[in-house]
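The structure follows.
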Amino acid sequence: MEDLAGLSELDENSLLESLTGRFDHNRIYTYIGDILVAVNPFKQLPLYEKEVSERYKCHEKSSLPPHIFAVADRAYQSMLGRLGTGPKNQCIVISGESGAGKTESTKLLLRQLMELCRANSQLEQQILQVNPLLEAFGNAQTVMNDNSSRFGKYIQLRFQNSSVKGAKINEYLLEKSRVVHQDEGERNFHIFYCMLAGISPQDKEMYGLLDPTQYRYLNGRFVQDDMVKHWSAKYSEVSNAMDMVGFEEQEKVDMMTILAGILSLGNITFEVTDSDALKVADKSQGWLKAAAGQLGVQEEELLRCLTCTMTVTRGESIYRLHNQQQAEDARDSIAKVVYGRVFGWIVSKINELLSHKLDWDVELSEIGILDIFGFENFAVNRFEQLCINLANEQLQYFFNHHIFLMEQNEYKEEGIQWETITFKDNKPILDLFLTKPIGILSLLDEQSAFPQATDGNFVDKLNSKFKANPHFEVVRSHSPLFTIVHYAGKVQYNASGFLEKNRDNIPANIRTLFINSVTPLLSVLFSATISRTGTLMPRKAKLQVVDDNFNSTRKQSVGAQFKHSLAVLMEKMFAASPHFVRCIKPNSSKQPDQLDSKLVMDQLRYNGLLETIRIRREGFSWRPSFKEFAQRYE
């Protein structure tokens with residue numbers, strides 16, 4: 001069956017059987033009413049050729065098999081008001097766990113939407129080039145996925161009548177900690193491998209790049225020989241994408257130089273002398289010199305930032321010397337903040353280039369595509385996983401709200417005979433995280449404000465406040481651990497590093513160091529301000545009045561920025577008509593033609609797909625207003 005809302009037998013087994021049968025015949029797409037279920041095939045399928053794309057333009061839904069292109073078409077036609085409802089902004093929500101195929105689905109949707117505009121302008125080509133660019137800097141290999149998005153994005157496509165006029169990327173929560181540390185079986189961001197495989201020998205010399213296996217931030221490992229070609233081709237792709245989107249040559253050179261500087265920085269090590277003084281180890285003096293050169297700063301200034309912290313008290317500068325651990329932390333935090341700023345700058349540059357021709361006086365329609373990190377449960381779950389899983393809770397709530405709450409309320413209001421369909425409401429889990437003043441994020445901010453507080457204090461606070469909460473479990477351990485019962489299952493978090501990551505402080509002397517860098521791009525990155533949602537805003541955007549977060553005493557924590565950006569995102573999405581794509585991962589070993597029934601069943605359960613089928617089967621899929629009905633049938 002192509003639409004599971006038509007199943008005569010409705011239980012978990014018949015649902016699984018239908019999807020398995022379709023998967024065995026390479027039919028990876030299935031409808032549940034207006035919702036698309038997409039199972040990742042882990043192989044190339046001949047489903048996306050030009051003639052397929054043509055067939056799905058302005059088609060009747062039931063006349064063709066389920067397809068991701070059909071979702072693009074429905075969103076586009078709905079935006080234009082052609083499907084029996086008035087014109088309205090649309091959003092496409094793609095969800096699923098890590099490795100379920102969300103990023104590929106996003107690319108296919110974008111491609112088809114650009115096909116539907118059919119204007120073949122340069123702008124459409126530029127929009128399509130954004131993905132390879134963001135992937136190189138924001139994606140990495142993880143245990144679960146070879147091309148995992150380590151940030152979330154909401155792409156807003158702006159249309160005037162039927163043609164695209166601009167685009168804006170909103171990015172969320174780049175996993176900066178990956179720059180300095182990767183767990184077993186994981187890799188750093190793709191761009192480092194692209195760069196080391198693809199830059200010509202003479203350019204490597206110019207950037208000061210050495211043998212890849214020497215770099216500590218890459219765990220001293222590079223890629224196998226057969227993969228060098230792959231990464232080298234990727235580098236050309238990224239380079240072309242930058243040209244196409246409109247980056248200048250000098251900006252590209254600056255960017256590569258800065259990335260080379262990050263790698264050199266990672267190789268600086270420290271040792272304690274006989275007189276208990278801290279110094280850079282003799283064997284890494286060369287790396288200090290290289291990093292200073294690549295980052296365009298004085299060697300002794302960089303050394304000072306690594307080995308001591310400066311505070312100003314009553315107008316006097318006081319220098320506190322670091323111990324070895326603090327010096328290593330300072331080195332890693334410089335690498336993380338520099339990389340994070342480069343990424344933020346790439347996004348703001350793309351937005352500037354893709355919207356410079358927009359006429360702000362003209363009313364524009366919009367289609368948003370949300371591709372956000374999937375639910376994660378690793379061997380060790382850190383602050384990043386907590387934020388990622390909170391975002392997924394929020395998405396699940398959005399889905400429930402639209403599919404169950406709003407629809408059933410309409411039936412009640414209309415006085416239709418209706419037996420209420422119950423669903424797993426995850427609002428209490430969201431409240432556990434977001435309530436003020438005693439939600440998890442508020443308590444984290446409260447503890448982060450105390451310089452003496454530890455991650456252990458934070459977990460003690462959680463245990464005392466939430467021990468009776470059904471969605472929280474106390475973990476008896478010497479490590480700061482706690483468990484949350486999410487909509488998708490239990491996850492145990494290790495709170496080591498939570499306070500530090502939430503504060504995300506940049507010491508003043510580091511900021512001053514880079515504002516004075518002779519590398520023009522670094523100077524721009526560090527004189528930029530950061531908005532309430534954590535977005536980098538280069539200085540020339542004078543129109544927006546932003547408080548300077550560096551100089552204001554109340555710098556927002558990472559948790560607060562994320563909470564705010566989630567709220568802004570939800571506001572945009574609740575104001576649009578949603579289309580849902582539920583991605584399913586068939587097995588954990590990334591193998592084609594294999595479907596693990598238990599893994600798939602778990603995903604179907606926590607996505608609430610059985611209840612979704614019930615409401616799609618018994619409910620009314622088209623609910624026009626009286627005015628729309630009259631216009632259509634008069």
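Placement of Cβ uses the backbone N, Cα and C atoms for every residue, glycine included.
TrEMBL lists 1-634 with the feature domain 'Myosin motor'. Sequence annotations record features per position, and here TrEMBL assigns ATP binding site to GLY96, GLU97, SER98, GLY99, ALA100, GLY101, LYS102, THR103. Under the heading region 'Actin-binding', TrEMBL lists 566-588.
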Write out how many residues of the region 'Actin-binding' (566-588) are helix, how many strand and how many coil, based on DSSP.
9 helix, 8 strand, 6 coil
With Cβ-Cβ distance below 8 Å and at least 6 positions apart along the chain, what are the contacts of SER98 (ATP binding site)? List them in sequence order.
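Looking at Cβ-Cβ distances below 8 Å from SER98 (ATP binding site), excluding near sequence neighbours, one finds THR142, MET144, ASN145, SER148, PHE373, GLY374, PHE375, GLU376, LYS585.
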Neighbours of the ATP site GLY96, GLU97, SER98, GLY99, ALA100, GLY101, LYS102, THR103: Cβ within 8 Å of the Cβ centroid, same chain, sequence order.
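Near the ATP site, beyond GLY96, GLU97, SER98, GLY99, ALA100, GLY101, LYS102, THR103, sit ASN40, ASN145, GLY374, CYS583, LYS585.
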Can you check which residues sit near GLY96 (ATP binding site), meaning Cβ under 8 Å from its Cβ, same chain, 6 or more apart in sequence, and list them in order?
ALA38, LYS102, GLY374, ARG582, CYS583, ILE584, LYS585, GLN603
Enter the number of other CB atoms within 10 angstroms of the CB of ALA100 (ATP binding site).
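Taking every protein chain into account, the count is 24.
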Around GLY101 (ATP binding site), how many other C-beta atoms are within 10 angstroms of its C-beta?
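Other Cβ atoms found within 10 Å: 24.
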So if I draw a 10 Å sphere around the Cβ of GLY99 (ATP binding site), how many other Cβ atoms end up inside it?
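Taking every protein chain into account, the count is 23.
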Measure the Cβ-based neighbour count of GLU97 (ATP binding site), defined as the other Cβ atoms within 10 Å of its Cβ.
24
Have a look around LYS102 (ATP binding site) and count the other CB atoms within 10 A of its CB, chains all included.
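25, counting other Cβ atoms within 10 Å of LYS102 (ATP binding site).
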